[in-house]
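*Asks:* This is the structure I have questions about; it appears just below.
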Amino acid sequence: MRILLTNDDGIHARGIQALIGELGSIAELFVAAPDRERSGTGHSITVFDPIKVIKAKLAGIKAGWVIGGTPVDCVKLASSKLVGDNIDLVVSGINHGPNLGTDVLYSGTVSAAVEGVIMGSPSIAVSLNSFAADTDFSFAARFTRQVIQNLFKNGMEKKTLLNINIPYLCPQDIKGIRITRLGVRNYENLFEERHDPRGNTYFWMGGGVLEEPQEEDSDVNAVQHSYISITPIHFDLTDYHLVEQYRKSFSQFSHLLGEADDNF
């Protein structure tokens, strides 16, 4: 089995190092991860600057690269050039902090996994619900190994994309596993205005998560109630139940485009 590891916390982050230590016994590991913290970069790619690549010297891996780009750059470059398209699984994480609900749209961790699927490899994103500096990733890494072994034992489609969030609790205090859907995460969205020595204005974004009621089957609710959340997701954002409605409502505009198109 050939696994590509990546993240958005940087190649030296403790989460990805824990995965290297845990997965080396079950797979041939390749690592392509950012050269620094790249959290919150979403699905951005680097198109107007060169992407610098340096070989990484890490124990327990087949090959590794420090990438001067985003998490999506890492997966795209590894799949296209560095490793090739014979990657059996992309694992993104373990993220230092959760990636729940609508936050997946901002998440570099989840976006890297999405890119893995786009490039033809099944993928999982793993996040641990802790921001503490002394966070212990060992249980999350062990759980990830068990998930991977189960997926390959039972078969895994190339379009598989799982977003896993693990509560930061002692294993015996975790109540179980829930297969969930994405919830909603809203923030205070505070912007602190400051001025540099030359008088130019800049802002620091801040504000915490708003504690709001969540649907019982959501990932947010699961982690709040001490369950591991596993959410199957995909990158097709089409709102299918509105497609037919808007086909009808916009058909009246066809005459503005010339001959009417019955397939509008």
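For all residues, glycine too, the Cβ spot is worked out from N, Cα and C.
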*Asks:* In Swiss-Prot, the residues D8, D9, N95 are said to bind divalent metal cation. Which of S39, S79, S121, S123 is said to bind at that same site?
*Replies:* S39
*Asks:* Radius 10 Å, atoms counted are CB only; among the binding-site residues S39, N95, which position scores highest?
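*Replies:* Output for this query is N95.
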*Asks:* For N95 (divalent metal cation binding site), which of the three DSSP-derived states applies: helix, strand, or coil?
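*Replies:* Going by the DSSP assignment, N95 (divalent metal cation binding site) falls within a strand, counted as strand.
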*Asks:* Quick one, of the binding-site residues D8, D9, which Cβ has the fewest other Cβ within 10 Å?
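*Replies:* Among the binding-site residues D8, D9, the sparsest Cβ neighbourhood within 10 Å belongs to D9.
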